[in-house]
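Here is what TrEMBL says about this protein:
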REGION    146-170  region 'Disordered'
COMPBIAS  146-156  compositional bias 'Basic and acidic residues'
DOMAIN    428-685  domain 'DNA-directed RNA polymerase III subunit RPC5 C-terminal'
REGION    428-534  region 'Disordered'
COMPBIAS  440-452  compositional bias 'Basic and acidic residues'
Amino acid sequence: MASEEDDDPIIQEIDVYLAKSLADKLYLFQYPVRPSSMTYDDVTHLSAKIKPKQQKVELEMAINTLSPNYCRSKGEQIALNVDGTTSEDSNTYSVKMMDKQTFTSIQSTTNTSRYAAAVFRKGELHITPLQGILQMRPSFSYLDKADGKHREREAANEGGDSSQDEVEEDVKAVTVRFSRPESDQARQRRILSYDFLQKKQAEEPWVYLHYHGLNVMRRSHALFSDLCESKSLEYLAMLMPPITEEKMPVGPSNVLSMAQLRTLPLGDQVKTLLKNVKVIPFANLMGLLTPGTDSTAVLRCIQQVALLVQGNWVVKSDVLYPKNSCSPHSGVPAEVLCRGRDFVMWRFTQERSVMRKEVTLLPEDVKDFLEHMAVPRINRGWEFLLPSDSDFIKKHPDVAQRQHMLWIGIQSKLEKVFNFSKEDLVSKKDPQTEAMHVSGEQRLKAAHERARQNQPSLQKDLSARRQGKGGAGPSGGAAVRVKEEPVSDGEDEPMDTSSSSSALPNGLVNGYPSAATSAALNPHNGHGGTPMPSPSPELRDFVWNMFRKQHVLTLSEVKRLFNLHLASLPPGDSLFHSISDRLLQDTILMSHCKQILVPFPAQSTAAADEQKVFAVWETGETFDKHRQVLYEIFMKNYRVRRNVIQTRLTQEMGDQVTKDDVDRLLKECCVSFGGMWYLKGTLQS
C-alpha cells in the first residue's frame, strides 16, 4: 500500500469551498438548436421573464431584419397572419414585420443535485449548486395566434351567412340538475389531467427580469461576491487591498486614467491633457480638472505648455517634439518639425483655413500637424478644428494680449526662416482680432457711431448742394431729394468673411435669413464687405430634387450623392466648381429644409457630418404637417416605437390619420431595426 502511494504522489492541494447564496437562483441555459460557435451573446435581448416554481423562462430576442439572409416578404406575411391588418398596442409585431423571436425553456433534467458551477481563482475552487438546467428552444406560439385569428374569421363568415335564414326557435323548458359529490378517485384523476396542470401552471405569475450580457460587471460582481463566507476577511482584503504608496508616474501617458491624473501636480495634469487632446477650449479644460481648481493657477500652467489660437489652447510644438527627437514618419529632426508646426499654428491665427501646400515638409509630417488641429474641407483646405472662443478673449484680455505679443515674436522668427515679404505680413489680419467674430449688432452700433461723428460734415455738404441747385426749385423743375443717410466706408468697417462657428452659418435660421445678417447677405445694401456667394440655380435644383426624393439626409450622405453627381458630369464641366461645405449647407437650408437636431447617444460613433441631419420641411403638400410632427418627435429621441409616432400623430392631426399615412411616413423618412424606428442615416451599423 505504501508503494502505491509513492508511485502516485500528491502534486498540489486545492481548497474547495461550497457557496450557497446563489444556490436557489443559478440556472444553466442550453441552446440545442444551434452549434456552440453560433452564440446569442451579441443578439439584442428585448425582454426576459421567469416562473420560479415551474423553472420556466422566456427570452425575447431581436431579429436582424437588415441581414441579407432575412426574407422580408416572409416576415411581413407572418406578421399579417398573426396580427391582421389592424394596428393595436397588443399586436405581437408592432412594425408589421416579424422582427423578434421568443425562446421558451424546458427542463433538461429534474435532478440537479449532481451539478454545480465552479470558479477556480487564486488556487481555490468555489462551487455553487445549480437550481436547474434549462434548454432554450424557439417558441411558435405566434402560429397558434394566427390559427385562432383564422378560425375567428371563418366563424364570423359562417355566422353571418346563416343568421339571415334562421327562425327564432320556440322557448323550451330547461331542467336544472345538481352534480353528485366528487369521489376521491375522480378528484385524483382530475388533478392529474392535462387541462388541470395547464391551468395551474398558467396561474403562476411571471417575474420580469433585466438581462445583462457576458461583459457586464454586475454579474461578475454578484458571482465573485458569492465566494465562501468562511473566508470573509480574506475576501474583504481581496476586494479592498491595503493602500500602498504608488510611485508617481514619471511623465504623461496616453493610458493614464482620470483618477491617476488627479494625483499629479496641477502643471503635469494640464500638460498631460494638452498632449492628449492637442486642442481644447479653456472651459472644457476646467471641466476635466478637479472641481474647485483655481482658474488663475490653471492659466499660469497652460501658458507654459500651450499657445492661444482663435481663443482656444493648442499644445506647443516643443512639448510634442522634445529636443533630440525626430519624426516617426520621415526622421526629420525635432527642430524642423517645430518650425513647420509653428508656421501652421501661426497661419491659423490669421485665417480659418490653411492650404496643405503652404508647408514645405514631407506630406506625412504635414498631415500629422493638420490632423491635430484641423479638419479637411472640400475645395477649402484644412479648417481649424474648433470654433473661435471670443468669450475667453473678452474675459481674459490680459492673457490674450500676452499671447498676441508671443505670436509677434514667433512671426519674426518665421520671417527669417521662411523669407516672408513685408507686404505678406502687413496684409494679414491681427491674430487675435481674427479670432473675435464681429456680430451684426456690433457692426450696427459702429455704423451709428460713425454716422453721429460725420453728421456735421454731411449736413454742411447737403446744404451746399441745395444752395448750388437753388435754380432747380419749384419754378425751375422738380427738386432733387438727397437721401440723408450716411454711407459707411468699407475700408473703415471690417467685415467678417470667415466661416461661422455655429451649426447654421450665414445667420440662416432653418433656411430663412435673420435680421442680423440680412445686410451681409444683400450686396446692394450700401455697406462694404464681401458677401458669401449665393448658390447657383443648378445647385439649388440638384439639392431640392435630392431632398424631394429622399426626404431625410445627413450631411455626409448629401456630400456622397453630390460627389457621385459630379463624377457623372462630362469632362471639363465646371458648373459645380469650388462648392464648399458651408455653401452646400446654406443651399440645403434655403431649399425649404431644416436641420433636425437628433439627440445622439453619448456612446455614438457617428462622425460630425453624420450627426448633421437635414429634412425637407415644406413641399406644398398637405402631408408636410405629418412630417413636421415626426421630426419634432426625433428632436427629443433618436429612436422611437411605432405606437409612439401613431399616438402623437393622432393627438396633432385628429382621427383622420390612417394606417396608410403612418406607413407612408415611416417609409419616406425612417428605417427600422430591432423593433425601433430611426431617422434615415442615424442608424449606425
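Backbone N, Cα and C define each Cβ position, glycine as well.
For the compositional bias 'Basic and acidic residues' (146-156), the list of distant contacts is 78, 81-82, 84: same-chain residues at least six beyond its ends, Cβ to Cβ under 8 Å. In the compositional bias 'Basic and acidic residues' (146-156), helix, strand and coil residues by DSSP number 11 helix, 0 strand, 0 coil. A mean pLDDT of 70 is what the model gives for the domain 'DNA-directed RNA polymerase III subunit RPC5 C-terminal' (428-685).
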